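What follows is a short report on a single structure.
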Amino acid sequence: MNNETTNHSARLTKEKGSTLNGDLQVAVGGELHQIAGGQHPALTTNQGVALSDNQNSLRANPSGPTLGEDFILREKITHFDHERIPERVVHARGTGVHGFFELTTSLKQYTTAKILTEVGEKTPVFTRMSTVAGGAGSVDTPRDVRGFAVKFYTKEGNWDLVSNNIPVFFIQDAIKFPDLIHALKMEPDRGFPQSSTAHDTFWDFISLTPESMHMVMWIMSDRTIPRSLRMIEGFGVHSFRLINHLGESTFVKFHWRPKLGLQSTIWDEAVKISGADQDFHRRDMFDAITSGNFPEWEFAVQLFTQEEADTFPFDHLDPTKLIPEELVPLQVIGRMVLDRWPNNFFAETEQVAYCPSHIVPGIDFSNDPLLQGRLFSYHDTQLSRLGTPNFHQIPINAPKCPFANHQRDGQMQMAQPAGRVAYEPNSLSAESPREAPAYGFHSAAVTETGVKGRIRAASFADHYSQARMFYISQTAYEQAHIASALVFELSKVEHVHVRDAIVGHLRHIEEALAKRVALGLGIDELPDAPVAAMPVQEMKPSPALQIIGKMQDTLKGRAIGILIANGSDGAVIEQIRKAATDAGAAVKIIAPNVGDVKLAAGLKLNADGQLAGSPSVLFDAVAVILSDEGVKALSMESAAIDFVRDAFGHLKAIAVDKGGQTLLKIANVGQDAGVLDANDKEAFIAAAKTRQWDREKSVRTLA
Ligand code: HDE
């Protein structure tokens, strides 16, 4: 036995230098396997020692113990044991992509920052989009805010614009953040719910924090159940400052607007996507990038002076307020294209460290108290996540411009600064880095006066006016979704006094909304509204706050599923496939089994997806092309029945031939303007570009 084992090991050494050449025989479970030939680098330890056997540990004999001497086993297992680092305390689940930013309009008048003045310059970026509440392994599609963090590797240092897909935040002061997040995340005694705000502690906190009601309106809207990360907006939330060559400063709010327009899912759809594909958004982004359909965003700014800010009916330093586009228009000044998937998820997406304090000369912070707290928090959290103040040396975090200072040593130090001088000023080194007063970072010259204290400005007291503005700006469909989301979330809250308190707040926003939600929760008598710190101001509706108004009439970036079975008509399938592909959609053929489907007239077609694993929630519109034989086979398949029922229930266009129509009847699916003859491809493509909103009242009871 012993001899046999030794022989296997001996046969593994086919080395030429450090490269194994030709076919390799590997001993697995005592048997030899051939592995395809090629130029393989030698498998080595971390110390560069080539391994002769990566399948078997060093044992005293074939039935004896493993030897402690086996440094190869020890190194491998030890490294594996330490593979994980702490996940982000919020925004743990994320998807990162490389790309570039290109400036199209110079802001030279307002800032010295080269990233905002050099038109046509392409600056590399790394963008990470995330959910907030769930852990790193949670699903992509819960109702949640999406993070939208961009690291610009500018010539003047890294600039991190760490944004969300919602322009306001829950709280006005950073000191409340740990409480908010503790209330929002899974409850500490039971460890659930994962990535959902539909539980007591979240709504309890909200009910006692009226400043969060504006953000609550946003998170109850379909903005928090996006169709794709390629179809979300991004908002810097806080006001920042731009500083020009004269030292004058102008306030600025930053915006990202997706070229594909906004699109969201419907709640029931999002719930089902979570089951069908946990990685729905990550996969969608991966597929888009790897197929060359690079998503793009416009970069826009709102610029305003202190004098203009003084005329706003709110305080722009309050992060629970937005500046309506109607008040300060957006100016598009650039674009961002994401075009390269990272080589390695951990090295890049997991280790990327965004900090709002990473800023470049010509841009500065405002006094927003939430932003002020963030300036400290992010750097601090990277120390615990990445374990060292040298995290800026990790390639994904390192500036792409030269950087040098006298900071030294620390864990995982990779740099080897030469020379005896590690301080400044010094007279010993002509090469050591020095201050650059002419172009280095200068803070805005702002005069601060007043009395120190733990203060909330009186100008922050209006908690309901913009919440109302948001609600009345929505279409009737969107208002209904907000009401239904509130009913759903609050129905999961066990404490009745918490439900009542939220309905009380809603009365300040819109009495009719409070009544709808109360009805949905079985509350007979409307609870009293709490005393508002300030009377609600009537503000003009802002249509820019809708999703429906910003959805684009296109199939670009969207997906069409065609359900077929044996005997389906190949010509009709091809007609729909071509029309959808020409319109920019990705098309998938779905059949009871993957592999070849035997079509009519002896044709064959390869299916991309198996029916049970490819429900219609994964598509924006569907076609069902079936022969009599196909309908017969599918009429007993609940996955086929669900396919058409869900497509109808999720307000999608459905194209059918005679067999498809029969399946609709069997599934008890109705007829309307969104159910179309598969031969009328133009009508189907037009309908597929939008949702059949009018259908909604016939498929679900909205609050
Ligand atoms: Fe964050 N936030 N945050 N946040 N945030 C983090 O930093 C924090 C806030 C946002 O893809 C953490 O690296 C405080 C607003 C994004 O890596 C942490 C406050 C906005 C990401 C942190 C806020 C954001 C984070 C956790 C209130 C929108 C993910 C891990 C004072 C403008 C970045 C990390 C990524 C991540 C703290 C509020 C966006 C703990 C204290 C407002 C997109 O530092």
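The backbone N, Cα and C atoms fix where each Cβ goes, and this holds for glycine too.
TrEMBL lists His91, Asn164 with the feature active site. According to TrEMBL, the feature heme binding site maps to Arg88, Arg128, Phe177, Arg374, Tyr378, Arg385. For 44-432, the entry in TrEMBL reads domain 'Catalase core'.
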Arg88, Arg128, Phe177, Arg374, Tyr378, Arg385 bind heme per the record; greatest CA separation between any two, in Å, is 21
If one measures from the C-alpha of Arg128 (heme binding site) to the C-alpha of His91 (active site), what distance in angstrom results, rounded to a whole number? 10
I want to check the contact list for Phe177 (heme binding site): same chain, sequence separation of six or more, C-beta distance under 8 angstroms. What comes out? Ile171, Leu370, Gly373, Ser377
May I ask you to report the DSSP-based helix, strand or coil state of Arg374 (heme binding site)? helix
Work out how many Å separate Asn164 (active site) and His91 (active site) at their Cα atoms, rounded off. 10
Any idea which of the recorded positions Arg88, His91, Arg374, Arg385 has the thinnest Cβ neighbourhood at 10 Å? Arg385
Determine the Cβ neighbour count for Tyr378 (heme binding site): the number of other Cβ atoms within 10 Å of its Cβ. 17
Between Arg374 (heme binding site) and His91 (active site), what is the CA-CA distance rounded to a whole number of Å? 14
Rounding to whole Å, the Cα atoms of Arg385 (heme binding site) and His91 (active site) are apart by 13
Provide, as an integer number of angstrom, the distance between the C-alpha atoms of His91 (active site) and Tyr378 (heme binding site). 12
Look up Arg88 (heme binding site) in the DSSP assignment and report helix, strand or coil. coil
